[in-house]
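Sequence annotations record features per position, and here Swiss-Prot assigns transmembrane segment to 5-25, 65-85, 135-155, 179-199, 254-274, 286-306, 383-403, 422-442, 489-509, 528-548.
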């Protein structure tokens, strides 16, 4: 560890928040239908979509109408992705000559990209055709990100309304987020990445003549365009199996900084957009501070663990001052640590190093950040929505202490809101721990493990944590392309995505009809240090405590095993 490493981590985390603030102001204008500088160009395009779909963009939907449209849209997206992947072998733009995917892999991949998880049970360069990468996977990177943003927009309207009825129009929110936010930003970032050396071609690849005299086929794709939305949309699915550790996806420290910042920038922007939309910037600033504290602590922990000399290297008398296993030398430990925290604190899941090669406590921290609910800052819209749920639970706990009906952002928090909040936060532990418990004893599931003992348990726990939290990163020792893993992880991804979405929209439906209350003497201030501390406590208890027994069986036991093995060497 040195000051340069800490400065690199601070710069990466800080840039994302700093850039996210002005983008949040712009995003709130998009959500609220206000005029933007892109209106002269995009308003006519927007109108074409509404006319083609028969959409009345001014018609506000009830929460269940909004949720129904969202679920129907995503189900159709799932069917289209599944069909293209199954029929890949007979479809055009397949210069690689790849055959169609199996039923279970198509099922898993379709759910993965529709839910913004981007878990990949395959290697992209040996499995996916150019058409599959561009037509369905990249398109879903846009649409799944926009879907998450619509949830936050609907929830914001519920807090603003005074005895209102509707929470907005799903189709209008989806179109506007895609056209005005995701497409322009992705275009700019893609151009920058092309200039910095990322491939952007429809060619299948090139043949290289190696020094040994053999020929090697090097795969090429339209990498830059997919990389841009992969990061900005907080998706994470890589064109290549090595993801952002691959030199075609992330060749230099500069591209690493740009793409790392891109992981979190729109997540933070959604926080600021929510604050501007509900006219409560100070209250949302408290949420940003709480999330930043937890994310910074996570990054610091990973950096500390990875800059300790690995005990096995000490025992073998290997001269090294840092654990470089699984890391790219062009990035080093600080950039890897920052990426680990940012990709698991958000629902991104891309990697610039191998998480399975992290020290046990470093890998455990990656899991722990996902266990907190993907709210640091989480996905576009989905992160702030779940953070608002945590804030609702925090004011509920505070209300119990003083014997008053809690209020948050001018709305009374009553039994229905608390029930829906609990349903939201229970989705991750129920699916993660339930499936992990079954997989730990089922022979069919255990066939996919490369390791036994606590690291094998960590592989299982990490996989289902990543799936349910819609993250998508993995411990690479798990062979997941098998019927059991593809099917159960697909179900876990759907549970982790749509249970919280429906619960949050139901909460929005409950809040929208309530009167907007002015703060009174008995209202708990939700913008000061006391509330930040209370919120962090609620997040740690609801997120961390539920998973501690499982973590104790995996990374914590492995940590002490490593120490014991070295002590007995």
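Quick reminder: no glycine exception, Cβ is built from N, Cα and C everywhere.
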Close approaches to the transmembrane segment (422-442) from elsewhere in its chain (Cβ under 8 angstroms; 6 or more beyond its ends): 370-371, 373, 386, 389-390, 393, 457, 460-461, 464-465, 467-469, 484, 488-489, 491-492, 495-496, 499-500, 503-504, 507, 542-543, 546-547, 550
Paired segments the transmembrane segment (489-509) and the transmembrane segment (179-199) in contact, 3+ CB pairs under 8 A: no
The transmembrane segment (65-85) touching the transmembrane segment (179-199) per 3+ Cβ pairs under 8 Å rule: no
Contact yes or no, the transmembrane segment (254-274) and the transmembrane segment (5-25), 3+ Cβ pairs under 8 Å, gap 6+: yes
Tertiary contacts of the transmembrane segment (286-306) (same chain, 6+ residues out, Cβ under 8 Å): 1, 5-6, 9, 13, 17, 268, 271-272, 322-323, 327, 333-334, 336-338, 340-342, 344-345, 358-359, 361-362, 365-366, 368-369, 372, 375-377, 384, 387-388, 391, 526-528, 531-532, 535-536, 539
Residues from the same chain, set at least six apart from the ends of the transmembrane segment (383-403), whose C-beta lies under 8 A from its own: 148, 151-152, 155, 267, 270-271, 274, 284, 287, 291, 346-347, 373-377, 413, 417-418, 421-422, 424-425, 500, 504, 507, 522, 524, 526, 531, 534-535, 537-539, 542
